[in-house]
Each structure stands twice: as structure tokens, then as C-alpha cells.
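Pulled from TrEMBL:
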type	residues	note
COILED	526-565	coiled coil
COILED	715-777	coiled coil
DOMAIN	53-132	domain 'Dynein 2 heavy chain 1 cytoplasmic ATPase lid'
DOMAIN	214-472	domain 'Dynein heavy chain AAA module D4'
DOMAIN	486-830	domain 'Dynein heavy chain coiled coil stalk'
DOMAIN	859-1080	domain 'Dynein heavy chain ATP-binding dynein motor region'
DOMAIN	1325-1436	domain 'Dynein heavy chain region D6 P-loop'
DOMAIN	1472-1611	domain 'Dynein heavy chain AAA lid'
DOMAIN	1617-1918	domain 'Dynein heavy chain C-terminal'
């Protein structure tokens, strides 16, 4: 284990005594040098490096150790740099990196490598440039001094102006340059361009091989990170911790580095139900892959995936040991070991299970590389590093800082170069993009500081800006260009038409004479043609007769031909078969036959027949059978014949028609032989078989041809005769052709002439038609010609401005979505000015709607429910245009409503992340392309949505697909995703922000005002609103139609397929369209006039809309005070409807408006009031008043902010304070207030006339006082409140109350009481009723009573562990049966609240019993569902604020409002009502005393209604049971000791309670002149009816003064101060916060304070010396008291000293910042007593600085006692344990007089001021330094007296504590005053029955009734607060 401290727990001696402790020290430098020199020597020998390198290794090792020690010493792990932890592993990583190089080039190469490794190990984790440059400078010095190399030489600096530090930062080594090298070479990469090319090639290859491509820009910053990751995962046991904001490229660059290293990558897929089991399964998978399958794997983990801290525990184990204990069960482990055995055997393992498992772990460590991505935001990162040290110890850290300017410039340059803009604009556009990013980053911080809202500017936002710009510019240019071109072409066609008209008129005149001449020529030619046609007919008749004769001859010849062909058909199949057989023969087949020396007989026979048929003579050879004789031998000639290459060709072309008969006769005998059978021959030879078939075919053919030959001769003769006839016929035909040609030519001539005539006629007609069309076109579109020319000019200007406008629009989309309107406008103004300054073409005034939307589209959106204001329109444009899915921050549901209406026609699907069928519905929408709205999302998104948000779409099998969880589904491009949240101020982590387009869709005043105006007019003037709505819809439709018509006209005009003047249909369409367009335009003009009239009429109701709208934003701000104060816009509009319905009507508009405004304001106040706690009801009235005043211009926001927060800035040297009674703080505020216009000269006037203002300071009601000089008339009622803040800040609340009564009326100062019946009437079965609980309130009794009255069954359950399902079942039953269901304490069941929300959302009117009600009770809670708060009816049931309101509520509640109970019959009736009134007064008084703090009650008790009700019933019962008298004693006991006293635990509080009750339960109350308070304001009235008592209570002051409760008027000061501070704080929280910032950081401030406290803290007391000097003596107990006090203070100061020292070390980074140290630092920073000191300190209520000062005084007192002996007068408040001191005093007296100590007590004597008490008293002690609260000591009369005004605490007299025997103590009239150690009074209840804060009772002389001081709450104090 490590040493204690820095987050580690101390080990107790009791535990450590069981062990032998070995302390292992860190290695010193010599040991480190020995270790690493040995390693380097081994590497040099292994790499066979030259002596030049070997000689510097010792120096290199020593320099590395120096660097290590320096960075340990200088760069310490401060809270913001908690990962600056270094150990020996870091040195080893440097040398491990050096050893990765196989060969280096000389000393320079080795030193460059060493520098690189130092940078990677030490430099890469540094978080800011200051630390980085310190390290680089230090490294440079070490290189030059110790390694004796010049930096410019080492880092290749050629130019004198170059920066060596930048060159060092760009030093690069890697092994990715040569992917083919085995093993890979780790080398110096000097060519950065080549490196970038290699990485870009790698990226291309990655994108080609993966579905989810990465569109990365590999600028130098990204390249460096890729190489760093690559280096880490290349090393054995190399793991990386990548720290940076989400969207910085950590995961993408890791994927690229892993891919280029050839490693697999593994990443868990987090789903909704992902838990520890799934995590363990994933771990098994990745460890098996790395260990068992021997696959090099990178395990990429993002901190957003760490759903449980157990995940980190497992990661910690893997980093440390390579395993997770007990991860694999035995069966799975056996499978793994079986896979490992072969490899393990090769590695020399013996095969035992233990060895195999160790081998598996080793393989996991070698092959598995963890890359952990974490965000440095918040305390989580620091806590995790502290809890899991392996994250630092076993990982190489790479800090991804914000992109440097160079990175922004590089990326922008690359993107801008690809955009089609003028080259001169490249640099300005690039600079603008950088400016957008940097200014937005500043805006993010400002927005967080001022509005406490978070959004993040990340590198992804920057890439989004650039890609959006490219996309928008291209799209908008294309759109405008297309529109402009169409208008130009349309205009061109009109101009052409005008030009053609004159030409056509001239043509028409010229055509008329030509047309007449052509008609005459046509008639003459027609006569000639008719004559020639008759002659041609005669010749045609002769030719036809001869043609018939020739046809007969042709038919005869054809018959003969058919007979021949029929005969031949018999022989032809065989012949063809034979020829086909020949085709199958090859050269080899012939050669085979030819080469036979002794051929078989069939072969010989076939060849003989062939020779005979071909008339080849045989050869004469000797006959072997007849010696001497010769025989014919055909084999020799046959062989010659076969040798002929054309042999087969000859057979195929053989003249088969002319075979001589004699030859055939010689062949035929062969055919009859058995051996000549084809099958026999086939067996002998394939070739012979083919020849055999051929011979047989020749024989068959020859037989047929002998019959066919005569017929062929006859056919030839017939053909010859036909040819003669045909020749004669041809001559006749030739003659006919010549005649016909002549006729044809004449006819053609006639046709030409006729065509010419027709053409001229058509031309004339065409000209006339074109003229008519042209006149139509020109006349119809005359107006458009001018307008289109203007439109073209506008479009040209817009096109020119696009470069800048789309740039600004892209910046708007990328960065400004999350912020509110004023921030957007401010930044856009800066951006526009910069655009113009850089001469980038842009509009003079940039408006997003003009650039990216059309008026028609915006009008459609407004109709769909989009609020009609610029902010909302801009939001809709961003939502429509952004490339990431929108996430709408939509607390009022306006965006939700708009999306539902807009996408309704597209089958929008709506769901929540909590829906059970969420995944199924999501997949359906993606597949079918339905838009999907996911509403009510929280601050975390379902991991299932991750691929969808990233748009991780890929193409597979020709279709777009996306992978969701385990399934891959088809992705439809029509799919749209919308996300909305009702959270007012969600905090989305950067990892979520970069994946969506965050849009602040909160409603604006203008948008709400427009809606409310519509609602008001719809109710008040339904005719107007209906007409207005129709006009809006009709106007939108008209605009759309006009646009469509114009588009149609231009489309026809620009159609290239035809001339517009030639298309009658087109002209008709244009004419009809123009007529329709004119008609619509006329209607539109009429509609605009009508709409203007309607708008004028509607304007009358604008004051209502403005009034009601302003109040909505007022109540919206209440949520900043308490998370339960949330109200929906829907509910608000319903309330507005109710006000319009119920308020008094009037025919006069101004009267009606005033009435409606007044009625709605009070209705809103009443409804909101019932849901507010008492403390906030006055604030609501004030907020309503100030909101309306702000709207009416009666006050300014500056004044309101001043009242709530004081000045934002403070003058460094304000003038001197002129009034001693005014505090410096108040004077400074007055000086600053004088800067406001209304208060100009205030401080000057006050300086001159300070006394004139003092009456305000002295007054109990300063608001009612007149202001001096002209200020009384000059200032408004509100401005007078600022005067009160400046002079009497404690009276702000009472003054606000007076202000409300003065300006708003009494009803706004008297909140309505709790009315359950009215609340029930306002409810329905679908909305829950919510009781907001406060301590002491319990609505169940009232609810049960009400349910009895209503006759409803109530089922109740208190939520908690496991109660959710029971509650759900109860609700289900209630819905069905109509019961009431009460779920109590919802705040105790946070995890079940989403389920309850889902249940409530599923309520449907059709399926819910109308009698059903769901009642919920809950304390304020952040996790209570917002939708329930907004849609439900909220109410509080706590005692009203103020005595009057409290009593009124009691009288108006059950049972007092029950006449049977109130009106007791008989003579006891008046007594009953008097005592009842007194009891209610008592109940209100004891409740109201709580607000006075310890003056009222030491412990704030929650007296409640049941206490009062039981006391009433007891009183009622006693009066009936004792008709003759009133049993006051019994009533006092039951009420004081049991009912109310049962709650009281403090003895003094019990005394106070009984004293107050004694003023009520006394016979005197029955007298008419008996007062309940000294002022006489409060008394029980004379007997009367119920209304008489209520009216009497209503006469009481609205705010009771302290005297009503028996307290001094000063009691109000503390209460008022606290209430005023709370009021101002709550008021401020409803406004946007602008905080003052100091120059120093929190760490610097804490460090300075800690140092100062340590400096002033004296050393511990020397206890041994004290004991020696003041030994234990029987007669002097004070010696023991001194020693014990010193021991106690030593224990305290040692803890203070050690904790401050540890804190200083932690702040400097010398130890790790533990949670205790963080808490201590926070306490010091906010000047609060640290918890770790309070645990061992004496009690105190002082802030830390005052506490420290008092501690020094206490130590000084003990030091003086030690040095000079016991003092004469003891500072009683200076003791640590006062009781020990008092016991010592009593003990001295008891021992002196040898009496038992338990019989001794103190007698008190108050000493006068005028004497000096220099000597100790004989007995007892003098004590001083005490204070009295609630009274003062009068030194003249020597009795208690009333406090001076505004004096809370007065000095107590010096006391002489005289011990006496209890029996001898004097009994005299005195007040037994309790003495407490602190102003808090309360403490832990001790066994004595007293508080641990209580010391003892002091007897003070008094000349009045001691009960008076009891009611005053008078007490003595040893120590004040501050």
C-alpha cells in the first residue's frame, strides 16, 4: 500500500499491529541510473550499434533521470492537473521507446529519438501552453548543456527566425511509413508531406473496407495524435488514456491508428439494458480474442460507456494484471486452455492448468491494448484517477487540447480550397470560420456564467460549420442560379416575341401576290397531267396480257422442278449423313489407316472400292496364293490416295451427278460383301467406316440420279422458253415505265406547285396566328416583364451576397442554436461587421429567413403552429437545414406542437424513450421513412440512438442500411428524427452535443403575444378571428398558387423544345394562368386590405396579449426558485380562457380590456398562490407587479436588478462615508446607485444632508416615512424600495409588503387559504393533484375528511423501496372503479417517477372513470417529472405566513367553519369562543415565533394543525364535562405538556411554551379589557357569531410586529435581515445572473488563505512543561483544567495545521487532492467552517475568518495563563470545554470546605463597571466576555432592561461565580437566564435533558415579571456569530 494521504485512508495502529511493516523507499538516482544503463547496454549490444552511440548512453540515462526529477518537482498534480503523476514506469517508457528502433544514424539520430520519447511520455499529458513551453525549454537546455548538441543543428533549423520549440514539438517518429516492412521500422519521419499522404492513403483504405466511413481532415495536429496512439499500441503492454472533450477526434484517430497497425478494434455497444452481465460478456469476448485467438486487438472505451463504476474496476484490473479475477467459469476456461495448448507448448509451457492460465494472461497483456477516452470536465475525471490509479500508472496519457489556431487554419484552408469561390476570398472566409469558432467558444463560457446554461463548442462544431457552408453555398447558388436563368429565359422569350411581330407583318404583305400567281400555274399543269394519264393506261393493258402468258409457262417449269426435287429427296439424307461422317474424320484417323502395313480385310475392301470409284488404277503385285501370278493391289494406290492432304476435301466435292455406270457396277459387288457392312468396318477402323458410309451413299445417289436426269433436261427446255417470253415482256414493261415516269414527273410538278400554294396559304395563316399569339403573350405578361427584370436584379444581388450570407448562416446553424435571442443578435452583429470589414460579399443586414427560407414556407410553418416571431422562425430554419438531427429545448411544448402539425401529413410517429415498444417503432420509422418525434428526453440519450445520431448509414446490396444494436435494417432517406425535451435548463455533455443540433425553442415574448392575441380575439370577436384565420390560410394558399402559376409560366416560356409563338396550347395555358394569377392577385390585394382592417380591429386587444404574455414569463421564472414551480403554456392558456369567460363583459373596449387584465391577473395570482410555499407568495405578488411595471415602462430592469443584487460594479475608491450610522457597504451601494438616471445626485445630497435621512434609518416602518427634499416627489413607489435597500436593507420584505398594498391592492397581500373543494372542482380524472409538502404539513387528514364528504373511496400508499408495482396496480384499479388513489412521499421513489409519468401519460378520457383522481404528495425534488408538474394541479398546505393569515386559515378550515362545532349552546358558549380565539392566537404565535430563530425557539419545531385540532377538541370536551368552571390547570397541562409540549425537546423551549400558553389559559382572558399583547392590538373580541370573529381577525395588521409574540422590536432585525436576503436571492434567481469575477483563480485564493492561516497559527502547547509547571494538586483543580484545555486545543490545531499543509501540497500538486481536501478547499473559499475541523472543534457559528481570529485569541489566553499564571478574570468564552472549567471552580470550593460537590451550586453576583477587580475573590471566580441577547444589562439600576433599538446583542456584566451550598442559596426575584455557547443555542440533547450548547442558568435581577423575559427569549451567549 502507499503512504497515507492523497486519497488513501490512514491505517489504525490497532490494525497494523498484526503485521510486520516493511517500508519500501523510492529508488534514488544512482539505482535508477544502474537499472536503465544496464537496459541500454543490452540494447546497444543487441542492435550492434557503433561506439559513438554506446559512449553517450550513460549521459542519456542521467539526463532522462534529471528530466524525470525536474518534471516531478515543477509540474505537480494540482486539482486541475490531477494526472500530473509520474513514477519509474515513465522513465522505462522513454527507454522502451528508444529500444523500438533497430538502427539509428549516429549521435544526432539517437538524441532526436530520445527527445521524441521524452515528449511522448512527459509532454503529451500537459494541459496548457505554459507547462508545455516550460518542458520544451527545459529539454532544449538539457540537450545543449548535457548532450552537447546545438538545438538548431539537432532539429534541422535552417532559418534564424524559425522557432526551435515549434520544431521540437513537430519531431516525429513512427512505424507507419512502410506498411510492407516486416518487422515494421520505427524511424524518424522528417518528410511531413509524405507522412500526410501515407495517412490519407490509410484513411482511404479504411473507408473502403468499412461500412461506417470517417470523413476526417488529417491536418498536422491530427497526424501527431495518430502517431502518438500508434506508438502506444505498438509497445508491449501499451495502453492509452486519451483526455479531451467529445468531438475532438479521440475515437476516430484511434480507429485509424489501429487499422494502420493491422490491429482489430473492439468497442462495446451500449444498449438501454446494458449492465454488469453484458459488460462481463464483452470482456470475455475481447480477452478471448486477444489471449486465446492471438489477435492483436485495441479495446476502445469511451467514458460515456462507463454506465457503472464497476466497469472501471475491471479496467483497472486489466491494466494492472491483464485479467479480471473469476471472470471465466471453469467450462469456458477449459475451452480457452484447449485452444492455447499448441501455442503454449511451442512457448515451452508444461501444459498444467495454472501455467496455461498464466500464459493466457500473458497473451492478453501482449495482444490487448486499452485505449480509454475520457473527458476532463467536472470532478469525475479527477475522482476516477484517484480511485483507479492504473489509469495513470499503466497508461500513456495523450491530452487532446482545444484545437490550436494552426489546426483551425489548416482545416479551414483545406475545406475552403474545395469550395467554389473566388480565390481572393479564400483567406477572408477561412479567417471568418476561425473567428466564428473562437467567438462561439467565448460565448459558451459567457452563457454559462450569466445564464448558468451549458453548451459546448467542439472541433465537431467547426467541421459542421465548414461542411454546412459548402453544402449551403452549393445548394443556394444552384437554386438562385436556376431561378435567375428561368426568369432570364422567360424575359428573353417576351423580348423575342415583341421583335417578331413587325417581321411577321412585313412577311404577310409580301406573301399575297406570290400566292395568286402560284394558283394559276397549278390549274394549267393539271390539264396536261390528265392527257398523259390516258395514254399510260392503254400501254398498261397490253403489258398485263403478255404477263399472264409468261406466268403459265413459269408454272409448268415449276411442276417439273418439284418432281426432280422429290426424287432427289430420297437419296439426299444418306448422302448428307455420309458427308457428316466424313466431317468427323480427322487427319489422325486418315494417318492411322495409311500407316497400316497389314490392314484388316474390311479396310482393304473399303479402300479398293474408293479407288475404283475414283478411277485410280490398281498396282500389279505378285499373288501370294498363286506364285508367279500377279494380282491387282489397291492398297498401295490407296495409301498414296490417303497421303493426299486434299483427300477428304475431294470426297466431299466429288462429282456425284456424273459417275459412269461401269464404275458403279465395279463398286456394287463390294457393297454386297459381309465385310463391307458399316458396323463391321467400324470395328476395324473409324476412318474406313466413314468411307464405307460415303460409298454406300454414292451408290444410292447414283441410282436416283439416273431417274431424275431426263426430268432435269425437260426442266431446262421449259426454262429456256420462259426466258424468251420474259425478255419480250420486259421490253413492253420498259415502255410502260417511260410513260408512267412522264406522268409521275408531271404529277410531282403539280404537287410542288400545289404544295407551294398550300405552304403560302399556311404561312399566311401561321403569320396571322403568331401575330395573335404574340399580342396575347405580350399583352398578358406586360406587367411581368418589368417585375421579372426587378426579380433578376434582386436574384443577382442575392447571388453575389451568397458567399457571405451562407457563411453567416452556416455559423448560425453550427453554433447559435442553444442560445437565446439577445446572444444570437449580439454575435451575429459582430460576425456581419467582420464580414463586411473583410470585403466578403454579404447583405447589408443579415436575416437568416431571407437567406434560407421563402415567405410561403414560413407562412406554412406559422399555420402549422410555429410562433410568429423571428427567433422561432430562425429555429425552424435551423431545424430544417442542419445536417444533424435537431434536439429542441422546448419547456413550453411549442416546438413539439409545431413538429406534430408540420409532419402530420407524413405519418409522423410520436414516442418516448421509456415506451416499451421503442425499438420496434424506431425500426419501423427508419425502414418506411416516417418522421419520428421522440419527446420528453432527459439529459442522457438511449445508446440505441447512437448510430442514428451519427448517421452511420452504409450501402449494402445496393440499398442504404443502418445497424441498430444487434440488427441491420434498411434505411429510408425520407426518414427524419426530431428530439424534444421539456427540461428548462438541460446540461448535455459534449459527447451528446456534437451528435445533435441543439435548439433553444423556449417561447419568446413576441411569439406568445401573437398567440394570446389570437386567443383573445377568437373569444371576444370570433367573427374577426375566424375571418383572420381564413384569410391567413387563404393568403398562404394564394401565395402558393401564385408561385406555382409563375413557375408554370416560366417553365413553358423556357421550354427549349418549341417556339412559344408556335404553341397555341402553351399560349392558352399562359393566358388562362395569367387570368387566374390576376384574379388571385386581386383577391390577395383585397385580402390584404381586409386583413389590415382586421389587424387594426385586433390591435385593440394587443394590451391584453401584452399584459398576459408578460405574466407568463414572470411565472416561468418561478422554477428557478423551486423546481416544483412549473406551469405549462397549455394550462396558462386554459386559465386565460377561463378569465375571458368569467370576467365582466362590456361594450366599451377599453373598459373590457381593463376588466379582463385585472381579472386575469388576480385569477393567475390565486391559482399560482395555492401551489407556492408561504415564503414565496409575497414574492409572486411583487413579481407580478414589477413585470407589469416593466412592461408599462414605469421602471427599468437596471433598477430591478439593483434592488435584487445591488451594484454589479464597485468603485475602487468611493468618497468618505458621511454618516457613522450607515455601514460602508451601504454607502458604497448608494454611490453606485447614483449612477442610475433616476438617482442622479443621491449620494451628493446624502453627503450634505445625512441627518435629514436618519429618520428613515430609525423608523420601524421606513417605507412609510417621507423622503427629504425633492426625493419624496421625484421617486416612484418602486424607487423608494431602492432607498430602503440602501438605508435599511433589513426592512426590504416589510417595505415590499407595503409596496404591494399601495400599488396592487390588499388582495395581493393576502394569499387565499387552502381550499381543497375548489381545487377539486378545477381538476379532472386525467390530471394528478399534487400536494407540495413542507416540514410539519400533512394534508392526509384534510383529504380523508374531504373524501368522506364527497363519498369517495381512498386508497393510499407511501412510496419507497419496492412499492412502485403496488402503486401501479392501485392506479389501474382506481381508473376502472373510480376510486381516489393517494401516492405519498413521491420524493422517496426517484427511480419509479419515470414509470409514474408514463402511467399518467397513458390516461385516456374514454377508458378512465370520471370519478377517478390521482393525488400525489412530495417534498420539492429535482427528479419529480416535469410533465406531471406542468399538467397537474399543485397545492401547498402549510401554515400561512403571518399571524393574521394563520388565524384566518384556522377559522376558515374544518372544524371551526362547522357551525355545529363553533356555536356551543348554553352559558359556556361565550367562554368557549373566547378560549377558542385565544387558542388559535396561541397556535399562530408559536408557529410564527419559529421565524425569529433562536429568539423564538432554540429548536425550530413544526407545530401543525393536528396539535391545534386536538387541543380544540379537548377544550370543547372539558367545557362540556365541567359546566360550572373552566379547568385551566388541566388544559395547561394537556395543551402545554402533551399536545404541543410533546414536540418540544429543549427544556428552555418548554418553559417558553408554557409561559406563552399561561397568557391564554387564564381566567383574565374572559375579561373584555384583557390584551393578548402589550400594544392592545390583539385581544379576544366580545362574543358574537362566526363572521364577527372572522371580521375581527381581518382587522389585525397584515404583518405582525414582534410584540405580538412577546418579543422586542429588535427581534425583527435578524428575521428581517434573513428574510430580505432570501427574498432578494429568490428575486435575483428569476433574472439572468451576471456575476462579478476576480482576477485570481479559486486555487490561488485558497492557497493564499491557507498560507496566511498557517503563518498566524502558533505552535502546539508544550504539555509536559505545563504539567511540570502546573502539576495536579488536590486543592487547585484549575491546573488540570489548563492541561486538559491545552490537550484539546493541541488536537484541534494539529488537525488544522496538518490539513492546511496537505491542502497546500495538493494545490501545488505534491499530493493527490482527496475528497476531504476538496471539501476543505471549498469551505475556505466560501469562508465556511470546514466539516473536518468542526468534528473536533468547540462549537461555533462564526465564518472561517472570524473563527480563526477567535481561535488565536483563545490560544493567546491559554498561553498567557501558562506564562503568567491563572488570570484574575477569566474569559469564559475562551474555554474549549466550559463545563470542565465550571466543574473545576465548584471542585475547588468543595475540597476547600470538604463538602460533597453534588451539594454545591453557583450563586451569581453581577459586578459594576466602576470598580477594578485586580485580585482573585476568596471563593469562586470572576468571569467576563459574555453577551446578552433579547435584553440588556442596566449598569445604573443593576437589573435587566429592554434592549436599545437596533442593538441585537449587548455586553453582559462581569459575573462573580460564587459557589454555595444549595441549601444556603438565596431565593430572590430573578430571571433564570440560560447561558449558551453560541448564538445557535440548539445542540445535541445530552443525558441531562439539556442541549450540548447549554452551559447553565444565570440568575439576573429583574424588577418586572420574569415571564416577560422568558417570552422575550432572553439568553446569555459566550460567542457571537460574526
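Glycine is no exception: its Cβ is also placed from the backbone N, Cα and C atoms.
Any TrEMBL annotation is an automated prediction that lacks curation.
Counting Cβ pairs closer than 8 Å and at least 6 residues apart in sequence, the domain 'Dynein heavy chain AAA module D4' (214-472) and the domain 'Dynein heavy chain ATP-binding dynein motor region' (859-1080) reach three or more and so form a contact. Mapped onto DSSP helix, strand and coil, the domain 'Dynein 2 heavy chain 1 cytoplasmic ATPase lid' (53-132) counts 57 helix, 0 strand, 23 coil.
When each of 53-132, 859-1080, 1617-1918 is checked for Cβ pairs under 8 Å to the domain 'Dynein heavy chain region D6 P-loop' (1325-1436), 859-1080 comes out on top. Secondary structure of the domain 'Dynein heavy chain region D6 P-loop' (1325-1436), assigned with DSSP and counted as helix (H, G, I), strand (E, B) and coil, comes to 46 helix, 24 strand, 42 coil. In this chain, the domain 'Dynein heavy chain C-terminal' (1617-1918) lies in contact with the domain 'Dynein 2 heavy chain 1 cytoplasmic ATPase lid' (53-132); the count of Cβ pairs under 8 Å, excluding pairs fewer than 6 apart in sequence, is at least 3. Assigned with DSSP, the residues of the domain 'Dynein heavy chain AAA lid' (1472-1611) fall into helix, strand and coil as follows: 86 helix, 2 strand, 52 coil.
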